[in-house]
Amino acid sequence: MDIIHDNAADLSALNGKTVAVIGYGAQGRAQALCMRDSGVNVIIGVRPGKSFDAAAQDGFQVMSVAEAAEKADIIHILLPDESHGAVYEAEIKPHLKAGKTLCCSHGFAYVFNTIVPPADVDVIMVAPKGPGTEVRRVFEEGFGCPGLIAVHQNPSGKARDVALAMAKAEGLTRGGVLECTMAQETYEDLFGEQNVLCGGLVDLMKYGFETLTEAGYPPEMAYFECVHEAKLIVDLIYNGGIQKMNSVISNTAEFGEYYNGPQILPAEVKERMKESLKRIESGKFAKDWLEEAAKGAPNLKAKREALGQHPVEIVGAKIRSLFERN
């Protein structure tokens, strides 16, 4: 994949256009502030509450979602995946017309059809590959967070230019942008979260902690070894790759990686990952999650509560307090 930088993007594609950022959480705030700093006319659509007040305090023109959708040329929806469909149907769809653009930072709603846009509307994705706080921080430092763009519908013939312009306005083309499809971004994002970054890593940490504590080892030490020090390893990989990480750790640690890693995560794990990918690509995961969310997410809430009572969290709070500055 080619990496796209500033010289391939032109902010003039946004001249005379109003961008409505729908939602003002971490991503909404960061992207809105960066675009405004780049000279883009940005308004905020959000319901009354803390986010409404925060956007107003940041100096934005804030209004209802419906009003913002009516006024904007580009409607950038940055809400939780499970709420996109309802908000779109009630407050955005009535104000769409030919020539407008729908934008998102994650393709879930379009890939799994909770939003089915009219054919005469452009649909694009501009997705920073980092949390909102990081997007804003590196922008203010004069650099940019890498990102993705996608063109899902392009009746105007100008959708790609607009996506690149928005990416540039957010600083993403400074860091480097990759062009993909919404399906690629959605499937890969969900797969990474469920199998490696969240589902895989968290369960691996918990099993390691439980194994040591059940064998009689002090829980504080178990937390250090199985949870706390993960950041040290991930930072090394983040900055230099796996091979660089292996060159920094001890020979004993590296030998242990090759010696025991395949015993803990045998090839069968990869087969399970393939099944997970099939559940994502088929839409089964999305169906299950949307049904859960529609019920008020009782299972999700129960899992959250149970995790809060797990010894790894209780001990973790104790360990983290050691690093707090008084």
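Every residue, even glycine, has its Cβ placed from backbone N, Cα and C.
What Swiss-Prot says about this one:
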type	residues	note
DOMAIN	1-180	domain 'KARI N-terminal Rossmann'
BINDING	Y24, G25, A26, Q27, R47, S51, G132	NADP(+) binding site
ACT_SITE	H106	active site
DOMAIN	181-326	domain 'KARI C-terminal knotted'
BINDING	D189, E193	Mg(2+) 1 binding site
BINDING	D189, E225, E229	Mg(2+) 2 binding site
BINDING	S250	substrate binding site
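Binding of NADP(+) is attributed in the record to Y24, G25, A26, Q27, R47, S51, G132, and the widest Cα separation among these residues amounts to 20 Å.
Taking DSSP states H, G and I as helix and E and B as strand, the domain 'KARI C-terminal knotted' (181-326) has 124 helix, 0 strand, 22 coil. Its own atom aside, the Cβ of E229 (Mg(2+) 2 binding site) has 11 Cβ atoms within 10 angstroms in the protein chains shown. The 10 Å shell around the Cβ of E225 (Mg(2+) 2 binding site) contains 14 further Cβ atoms across the protein chains shown. Taking Cβ-Cβ distances under 8 Å and a sequence separation of 6 or more, the neighbours of E193 (Mg(2+) 1 binding site) in its chain are G199.
All chains included, 18 other C-beta atoms sit within 10 angstroms of the C-beta of D189 (Mg(2+) 1 binding site). Of all the binding-site residues listed here (G25, G132), the one with the fewest other CB atoms within 10 A of its own CB is G25.
With the fewest other Cβ atoms inside 10 Å of its Cβ, the least crowded of the recorded positions H106, S250 in this structure is S250. When the C-alpha distances from G25 (NADP(+) binding site) to the recorded positions H106, D189, E225, E229, S250 are tabulated, the minimum falls on H106. When the alpha carbons of the residue listed as 'active site' and E225 (Mg(2+) 2 binding site) are compared, the span between them is 34 angstrom. It is Y24 that, of the binding-site residues Y24, A26, Q27, R47, S51, has its Cβ surrounded by the most other Cβ atoms within 10 Å.
In this structure, G25 (NADP(+) binding site) belongs to neither helix nor strand by DSSP; it is coil.
Using CA atoms as reference points, the binding-site residues D189, E225, E229, S250 were checked against Q27 (NADP(+) binding site), and the closest is D189. S51 (NADP(+) binding site) falls within a helix when secondary structure is assigned with DSSP.
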